[in-house]
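Asks: What follows is a single structure, and I will ask about it in a moment.
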Amino acid sequence: MSVGLKVSAFLHPTLALSSRDVSLSSSSSSLYLDRKILRPGSGRRWCKSRRTEPILAVVESSRVPELDSSSEPVQVFDGSTRLYISYTCPFAQRAWIARNYKGLQNKIELVPIDLKNRPAWYKEKVYSANKVPALEHNNRVLGESLDLIKYIDTNFEGPSLTPDGLEKQVVADELLSYTDSFSKAVRSTLNGTDTNAADVAFDYIEQALSKFNEGPFFLGQFSLVDVAYAPFIERFRLILSDVMNVDITSGRPNLALWIQEMNKIEAYTETRQDPQELVERYKRRVQAEARL
């Protein structure tokens with residue numbers, strides 16, 4: 001069996017790996033590429049590509065260990081506001097980015113959960129769905145990442161992530177509704193079921209990034225849409241590059257600029273994983289599944 005072509009479990013929130021698999025070094029890690037790169041579905045269209053910029057991950061040196069089955073229960077509904085995440089889950093990363101961008105680090109406590117060895121009390125006392133992200137606020141617990149980033153933006157102070165104007169609101173809704181289809185398309189290429197699907201999906205992203213010229217982001221200015229896509233584009237970029245020698249930015253200048261500008265936003269970069277560790281964890285999972 002071919003190894004390196006399955007990604008669905010890697011991106012599912014309930015199957016995310018624990019913090020033991022994530023580098024917690026405060027130093028940044030860089031990954032430079034100098035290779036022939038083939039865009040998915042492009043047949044014989046090869047191009048020689050050399051990256052001059054590093055793929056960076058800024059990892060918070062102050063990250064606390066994830067809570068596991070041996071951890072004492074959190075005192076739920078004691079008046080605190082808590083965001084339950086996993087450091088390796090892209091869905092949880094969305095809510096984490098929103099919390100950081102709003103400047104709520106001192107108002108929303110981050111509670112990392114080890115999803116491979118999760119505490120029983122998390123399901124029993126915190127969130128019956130037993131997934132992350134989950135937000136404890138005003139004596140109730142809310143879930144679902146897209147709902148949470150909207151909730152955080154609406155119910156807490158800080159810079160707005162919601163677009164102004166009806167046109168941008170309509171486009172935002174369309175792009176947010178496409179997130180699942182985007183992920184499924186890229187996964188189908190990685191799984192080998194549709195070699196052209198990722199190419200089509202990233203072309204859609206490239207076109208979407210050209211709609212508004214006020215800035216490099218989906219709606220011109222940084223918004224909920226960027227928060228929703230960033231964790232997945234981050235992972236797909238690294239995995240496609242390493243596993244399939246694919247440069248998703250080749251022929252896509254808007255996407256290349258978007259990635260460059262996203263890497264200037266601290267609220268995002270401080271949630272990122274070490275890129276080499278991310279890819280290695282993916283490969284280990286695929287190898288394990290290939291042996292089943």
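Each residue, glycine too, has its Cβ placed from N, Cα and C.
Just lifted these from Swiss-Prot, have a look:
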- Cys89, Pro90, Asn117, Arg118, Lys131, Val132, Glu144, Ser145: glutathione binding site (BINDING)
- 79-160: domain 'GST N-terminal' (DOMAIN)
- 130-286: domain 'GST C-terminal' (DOMAIN)
- 1-56: transit peptide (TRANSIT)
Asks: Work out the three-state DSSP category of Pro90 (glutathione binding site).
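Replies: Reduced to three states, the DSSP call for Pro90 (glutathione binding site) is helix.
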Asks: According to DSSP, which kind of secondary structure is Ser145 (glutathione binding site) found in, if we only use helix, strand and coil?
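Replies: Once the DSSP labels are grouped into three classes, Ser145 (glutathione binding site) ends up as helix.
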Asks: Ranked by the number of other Cβ atoms within 10 Å of their own Cβ, which of the binding-site residues Arg118, Lys131 ranks first?
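Replies: Max Cβ neighbours within 10 Å, all protein chains included: Lys131.
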Asks: Just to be sure I understand the packing, how many Cβ atoms besides its own are within 10 Å of the Cβ of Glu144 (glutathione binding site)?
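Replies: Step by step: centre on the Cβ of Glu144 (glutathione binding site), count other Cβ atoms within 10 Å, giving 16.
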Asks: Which of the three DSSP-derived classes (helix, strand, coil) applies to Asn117 (glutathione binding site)?
Replies: coil
Asks: Between Asn117, Ser145, which of the binding-site residues has the fewest other CB atoms within 10 angstroms in the structure shown?
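Replies: Lowest Cβ count within 10 Å among the binding-site residues (Asn117, Ser145) is Asn117.
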